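*Asks:* Next up is a structure, given as structure tokens.
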Amino acid sequence: MPVKKDWVFLQPVLHHPASHCSLQEHIHYFLFFSVSLLALGLYTVNAIYGDTITMPCRLEVPDGLMFGKWKYEMPNGSPVFIAFRSSTKKNVQYDDVPDYKDRLSLSENYTLSIKNARISDEKRFVCMLVTEDDVSEEPTIVKVFKQPSQPEILHQADFLETEKLKMLGECVVRDSYPEGSVTWYKNGRVLQPVEEVVVINLRKVENRSTGLFTMMSSLQYMPTKEDANAKFTCIVTYYGPSGQKTIQSEPVVFDVHYPTEKVTIRVLSQSSTIKEGDNVTLKCSGNGNPPPQEFLFYIPGETEGIRSSDTYVMTDVRRNATGEYKCSLIDKSMMDATTITVHYLDLQLTPSGEVTKQIGEALPVSCTISSSRNATVFWIKDNTRMKTSPSFSSLQYQDAGNYICETTLQEVEGLKKRKTLKLIVEGKPQIKMTKKTNTNKMSKTIVCHVEGFPKPAVQWTVTGSGSLINKTEETKYVNGKFSSKIIIAPEENVTLTCIAENQLERTVTSLNVSAISIPEYDEPEDRNDDNSEKVNDQAKLIVGIVVGLLLVALVAGVVYWLYVKKSKTASKHVDKDLGNIEENKKLEENNHKSET
């Protein structure tokens, strides 16, 4: 590696008392010494530790040169000759100097090279050119530089504590020349010494064999809570051939311990609301470092705190768990509280389960709700949502079915209750028979309309012969009703019997049917509700007319009676006036007839 040669500001060649001074004092001394060198016109060669030092002889070769020599000067000024070269014989001789054995090389132009530069090579070397009449000398100053190793922070503290001054670590910088200075930084800012807060001690050790320096700077530090995650570094400032340079250590983060200043209690739950049957976990935490590991938990209804880790678990909570929960440090110095509401929902259906009633009976049904908040209630019958709640003042077959009363709390996820009522409406068989002649005039249709539950079994018989009629047609059984139909073409008058039987009763009804040659009055097989309503309206109209006629007749009778009574009184007066007994008899007879 070529040696850099320049006029630069240098530390003195010899060890000077300033080597133990501050960096600022060093700089002032370097400036003074460098200016002195410039004033003296001394040539300086800057060399890197371990490289080759090359020093040209800056004298012009004179005529009649006999030989050239190199020497260096001891601290006391005495010379030490190290190399000789003859200009005539061209031979080179090196003096027996142990420090420079096998390290020197002198070229034909009297340039001196020194291999493997050492700190001890920092000397004043002199090139001498000798003639018969004169000796010329030209001095050269050699300055050697060694870059230090990267700083390391050793003996690091396991942790720091607030309000305590503690050894943070030691910054070690090895093998530097000249010696450098060490500065501590926190988050990129210089740490200045502060009594009882920031204490910095610097030590320097020189290796006597190499002349290199090792710097050790210890830092005692009293942290604050804000120093958590702070990055500490140290930087060495040193001098090289081109001037001042720095090298930084790897950053180090320390765990800062500080006491708890606040306690917080939280409810850990998968949902934002809590319902009966849930598991609830209470977590208590302190903002200290390290955080507290044990706490006292205060449960509603308990006077003493329960000692536990940072969590307290309650399983299958009930509504009576609603209340204020607290936690504190073990010494009860700090406390926090939270309120837990356990939502509940109760449903009471009366009656419930399977209920059997008779047709026409009344059945009161109630669905009672008790909840922690307003609940929504609705009814379902046979998988269809009902518009209103069921009410049975007179049960009908169509009222039978599966009823569900269901309620939910909208704000509480998963809180829903339902109960069922299976309503069975029973009834004895009821029969109505109809007949009609078919349009083809070749047959007659006889229908047995049956109501009842459980579904009655139907049989047809012919009165007299007692024979069963097996060829029948049945309609679908809906709401406790169905029909059984037969088609016959009787050659003579017959009586048909329809028998309907279930577990409750056996009902028998007969119907006379004329021979096929005699037409029957047509009767509809089924009457729907609209027709029934029309018939009912017609019946009401007829009843109204009859009642009206009776009232008119009654009024007319009263009027007539009054008229007759008045006539009798008038007749008596005529008898007295005329004195005609015969005529009175006739009038009485007429009156009697009139009354009759």
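Backbone N, Cα and C define each Cβ position, glycine as well.
Bear in mind that TrEMBL entries carry predicted annotations, made automatically and left uncurated.
From TrEMBL, here are the annotated features:
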TRANSMEM  29-49  transmembrane segment
DOMAIN    139-248  domain 'Ig-like'
DOMAIN    259-341  domain 'Ig-like'
DOMAIN    360-422  domain 'Ig-like'
DOMAIN    429-509  domain 'Ig-like'
TRANSMEM  541-563  transmembrane segment
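A description of the local structural setting of each listed feature is requested, covering burial, neighbours and distances.
*Replies:* Residues of the domain 'Ig-like' (139-248) grouped by DSSP class, helix first, strand second and coil last, total 3 helix, 68 strand, 39 coil.
Across the domain 'Ig-like' (259-341), the prediction's mean pLDDT works out to 92.
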*Asks:* Where, among 139-248, 360-422, 429-509, do we find the most CB pairs under 8 A to the domain 'Ig-like' (259-341)?
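*Replies:* Per the Cβ count, the answer is 360-422.
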